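Novice: I have a structure here, written as structure tokens, and I will follow up with some questions on it.
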Amino acid sequence: MALGGVGRGGAARAAWPRLLLAALAPALALAGPALPEVLFRCPPCTAERLAACSPAARPPCPELVREPGCGCCPVCARLEDEACGVYTPRCAAGLRCYPDPGAELPPQALVQGQGTCARPPDTDEYGASTEPPADNGDDRSESILAENHVDSTGGMMSGASSRKPLKTGMKEMPVMREKVNEQQRQMGKVGKAHHNHEDSKKSRMPTGRTPCQQELDQVLERISTMRLPDERGPLEHLYSLHIPNCDKHGLYNLKQCKMSVNGQRGECWCVDPIHGKVIQGAPTIRGDPECHLFYTAHEQEDRGAHALRSQ
């Protein structure tokens, strides 16, 4: 993924856990209560890592926060209207990082540091914290986590004090479940013709957990039991996982895509909304395969086959 002006060394690798959260946000929101919370924790801030923080890492500023990702050194929090993103310091208390309203790909805008720190329009909806500002960086317990996670509600990123860091002995922190409307619009955008199929899709909705939700459950269960390496270890193996893109009814969105890697868009393909099977004849490309065109033809073929069987 693009690094938005941040070096590709340790700082970039340290942010991998948050990139994973960005990718998982739609999945977590759709998983519902069927699974336990998916948990992620950063490696401990050792004495050596703390000693490596230079005095310049404590500049005079209104609020100190931890470095992006799993960093241990204190940095100045970004203030209101300042630029922010995945690889930048967190926004100050009470602020969140939002992409530009006109951004075509909000998560990508945040990865590239093109967000802006702003106050949430509705603090009740997003759960903005009313707790005191973030700590000054003195407490570096073993279980400090990457607090600045990205979700896909238009690419919002939590502010500095939206969560308290977990203290020694507390090994887990649940990933916040929030609405994921924008990501679903981006991933499920297949043109007007697709929306004409919504009624027929609803009428054929399976009862209980749908195939898409079941596949999603399996992926989340696998991730929740993974032993994630620390920030020095690559997490490329996570990109081999396909996280299914389910719609609000639990059906597969016509367009399914792999995650972007090293700034290159992942491949996208078209599937049947009920069973998730690849639609024959539809392309697999790094872009929009215009699945609604192929689904229309696929649906007509199914109806024709059903009519023949009924005769």
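Just so you know, glycine gets a Cβ as well, placed from its N, Cα and C.
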Novice: In Swiss-Prot, CYS76 sits in a disulfide bond; tell me which of CYS61, CYS91, CYS97 is on the other end.
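Specialist: So the cysteine paired with CYS76 in Swiss-Prot is CYS61.
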Novice: So CYS45 is in a disulfide according to Swiss-Prot. Which of these is its partner: CYS70, CYS72, CYS73, CYS84?
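Specialist: According to the record, the bonded cysteine is CYS72.
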Novice: Tell me, from CYS70, CYS97, which cysteine Swiss-Prot puts in a disulphide with CYS84.
Specialist: CYS97
Novice: From the disulfide entries in Swiss-Prot, identify which of CYS42, CYS53, CYS117 pairs with CYS91.
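Specialist: Answer per Swiss-Prot: CYS117.
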Novice: Going by the disulfide annotation in Swiss-Prot, which one of CYS42, CYS53 is bonded to CYS73?
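Specialist: Candidates were CYS42, CYS53; Swiss-Prot matches CYS73 with CYS53.
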Novice: For CYS270, what is the disulfide-bonded cysteine listed in Swiss-Prot, choosing from CYS246, CYS257, CYS291?
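Specialist: Between CYS270 and one of CYS246, CYS257, CYS291, Swiss-Prot records a disulfide, namely with CYS291.
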Novice: Between CYS117 (disulfide bond) and CYS270 (disulfide bond), find the distance joining the two CA atoms and give it rounded to the nearest Å.
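Specialist: About 36 Å separate the Cα atoms of these two residues.
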Novice: Which of these disulfide-bonded residues has the least crowded Cβ, counting other Cβ atoms within 10 Å: CYS53, CYS61, CYS76, CYS84, CYS291?
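Specialist: Comparing Cβ neighbour counts within 10 Å for the disulfide-bonded residues CYS53, CYS61, CYS76, CYS84, CYS291 gives CYS61.
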Novice: For CYS97 (disulfide bond), which of these disulfide-bonded residues sit within 10 Å, Cα to Cα: CYS45, CYS72, CYS91, CYS270, CYS291?
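Specialist: Checking Cα-Cα distances against CYS97 (disulfide bond), the disulfide-bonded residues within 10 Å turn out to be CYS91.
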Novice: Inside 10 Å of the Cβ of CYS72 (disulfide bond), count up the other Cβ atoms and send me the figure.
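Specialist: Excluding its own Cβ, the number within 10 Å is 22.
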